[in-house]
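Here is the structure we will look at.
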Amino acid sequence: MATSDADESLYPIAVLIDELRNEDVQLRLNSIKKLGTIALALGVERTRSELIPFLTDTIYDEDEVLLALAEQLGSFTPLVGGPEHVHCLLPPLESLATVEETVVRDKAVDSLRIIADQHSQADLENFFVPMVKRLAGGDWFTSRTSACGLFSVCYKRASTNVKAELRQIYRNLCADDTPMVRRAVAGKLGEFAKVVEPEFLKSDLIQLFHQLAQDEQDSVRLLAVEASVSIASLLPSEDTEQLVMPTLRQAAEDKSWRVRYMVADKFTELQTAVGPEITKHDLVPAFQNLLKDCEAEVRAASAHKVKDFCLALSPEVREQIIMTSILPCVKELVTDANQHVKSALASVIMGLSPILGKDNTIEHLLPQFLIQLKDECPEVRLNIISNLDCVNEVIGIKQLSQSLLPAIVELAEDTKWRVRLAIIEYMPLLAGQLGVEFFDEKLNSLCMTWLVDHVYAIREAATLNLKKLVEKFGKEWAQQTVIPKVLAMSRDTNYLHRMTCLFCINVLAEPLGPEVACKLMLPTIVAMATDSVANVRFNVAKTLQKLAPLLDQSSIQSSVRPLLVKLQSDSDMDVQFYASEALAGLK
């Protein structure tokens, strides 16, 4: 009996191993995803002696199967007997780290990085480091690129001699003939710098940083810029000035726009890493140049950083630097020929207002906002409107209101429906800032116009917008201004507009409360129950179901229930269905 039990417990394992050899990729993929189950059933010894060697031998498969395998092995430590046996996972992961597909290699490296910490120091030096050396000395560039990601995880726990070896291997990879390897090694330089001792950081890694930053391939040079952030944050200020800044100055003026773009993209991180003094002397001029760069992509990336860069400046010199160095460049970008640059600037320029204060905002920033509100590009106008709250806190929105109105109206009538949708979403914010009087006078009619837009998404957003406005301005305002116009739509000749009336009632009933629902909304819904269009009639049934919790029992018994009973015998099946559903939901 015991033997047959053992056979039964091994039966699913045999099936799963057969699946791993099956021609169907999906079956093999499912089998790989159940590896944990196989390992548990086999036990730790058989997993080490049978399953892992089997997996190592079968690493010739479709990429998606290999990717799943690389991911599974990262969490396999308990299944092979814990940290003392974790090294047996290295052979299959080493093979996976050499395959052609980048995604599989990266996942294998991720798993190796996870299990590196689970090795004892002895196992790390006896098994893990030799594997790193084999990968770094591989014939194919694939294995050498994978090795680059493993130095930082094994270096910190290695002995002094092994550390020296690892630094030498890393140095060799920095001078590799293949650009892909140099790219990988440059990409990992920052994290390697964090684990290397300070004396070797200055003697070895800075030299490698300079070498990679002057590489003939721009894809290598731009990754060296990324590493400079980590290196600068690890060095004292005087060493950063001497060892890192000359290379960074070169990168900011590199002949390749991609390298300059990377400098712009990492600018605020660099600012934090180098500190206020170097920022004042070196980064401010570099930032000015990037804002004036000949490539639009670089100008756009720099423009995105304007607010964060200014915020991070030292408070005692902040205003002076912005006024003398940054603002002149910003004024040029406001009228840039490229719409992406203008749009990037418009998304952050309002953030300068709280930094500069009321007087400077009125004198210097306000004219720029007004120019951007009249820009031909809708994204620029939209970005300014969406960030109005920054300015409102400093100078109040009244200064902008006369220019705001034409910009809002133009966006509200834009031919692109997504632009109209975006301005609707900002309307409650604008309403709160402009106040009820200005809103009623200038923008109320606009909000009602959206309810009859030819695009459904706009009509839907407009109904939700009304709900937010009612919550902001109150019931009384809604009863005087919104409800009469919404209820009038129930008599519109276009059935879509009549349906929008019902959608509005659905969302407004709750914030307006039972009294309005009973006295004003219910009679309109009842009148619409005899509509000639079935879609309107079944939406009447759905609306009644939604309104029922707000209505008193007498209204339900005298108006709602008889109406739903009548709709149950409607000629249209959908109307019958929704009427029955609504009746079932009544108390």
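Glycine is no exception: its Cβ is also placed from the backbone N, Cα and C atoms.
Quantities reported herein were computed from a predicted structural model and do not represent experimental measurements.
For 12-50, 89-127, 166-204, 205-243, 244-282, 283-320, 326-364, 365-403, 404-442, 521-559, 560-587, the entry in TrEMBL reads repeat 'HEAT'.
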Exercise for the section: Could you tell me the mean pLDDT over the repeat 'HEAT' (521-559), as a whole number? Expected result: 87
Exercise for the section: Helix, strand, coil: count each for the residues of the repeat 'HEAT' (404-442), based on DSSP. Expected result: 34 helix, 0 strand, 5 coil
Practice task
Report, as numbers and ranges, every residue of the chain located at least six residues beyond the repeat 'HEAT' (404-442) whose Cβ falls under 8 Å of a Cβ in that stretch; write 'none' if there are none.
Solution key: 373-374, 378, 381-382, 384-386, 388-389, 392, 397, 449-450, 453, 455, 457-458, 461-462, 465, 468-469, 472-473, 477, 481
Problem - Beyond the flanks of the repeat 'HEAT' (205-243) by 6 or more, those residues with Cβ under 8 Å of it - result: 170-171, 174-175, 179, 182-183, 185-187, 189-194, 196, 198, 250-251, 254, 256, 258-259, 261-263, 266, 269-270, 272-275, 277-278, 282
